[in-house]
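Have a look at the structure below, then the notes.
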Amino acid sequence: MRYVFLVRLSTPPFRSFPKIVVLGNTMSSHLVWSIIRNNNAFLRKKRNINKPFSTEPNNLTNLSSYRYNGLVHKKTVGVVDAPDKKGFTVVYKKATKQNKPRQCIVKRTMKSGPRRSLAKLERLLKANKYRTDLTKAALRRASAVLRSQKPLPAKKQKAKKQE
């Protein structure tokens with residue numbers, strides 16, 4: 001049986017990111033979700049918001065829910081900004097390399113224009129038989145990243161009134 005724990009490895013006054021400690025064989029994703037659902041280092045709870053936000057990697061909508069969680073599933077997909085701010089990078093987990101964390105995560109940068117990159121992303125998810133429920137969310141996230149990289153239109157100067 002595999003046990004997953006989120007552990008802080010520094011003293012309380014210092015900010016640190018949680019480290020994922022994995023022991024033994026695999027636990028079911030439902031069991032892991034029931035453990036980390038209400039308390040984990042990635043949750044962002046606010047007043048007057050029913051559904052808390054989540055900052056974990058590979059969470060496409062940044063909502064804390066079982067469906068979009070990037071920690072508990074064998075196969076996950078994430079879309080992030082490319083390092084050179086041109087295009088986007090698809091980060092996904094391989095289910096077969098689950099016990100090898102270094103080889104588990106694959107990053108592919110797509111920067112061949114917005115239309116072609118989005119088609120490549122859709123083809124990648126379908127060809128690898130990735131989770132079909134995440135395809136639409138991944139496309140939305142990728143198009144939002146591409147939209148954020150476009151330069152803003154220049155503001156028009158207001159003409160001064162001449163008397």
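Count begins at 1; order follows the chain as displayed.
Cβ from N, Cα, C; glycine included.
Not one residue of the same chain 6+ positions outside the compositional bias 'Basic residues' (153-163) places its C-beta atom under 8 angstroms from a C-beta of that stretch. The compositional bias 'Basic residues' annotation in TrEMBL covers 153-163.
Among the features that TrEMBL reports, domain 'Ribosomal eL28/Mak16' is placed at 31-148.
Under the heading region 'Disordered', TrEMBL lists 144-163.
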Average pLDDT across the domain 'Ribosomal eL28/Mak16' (31-148), rounded to a whole number: 90
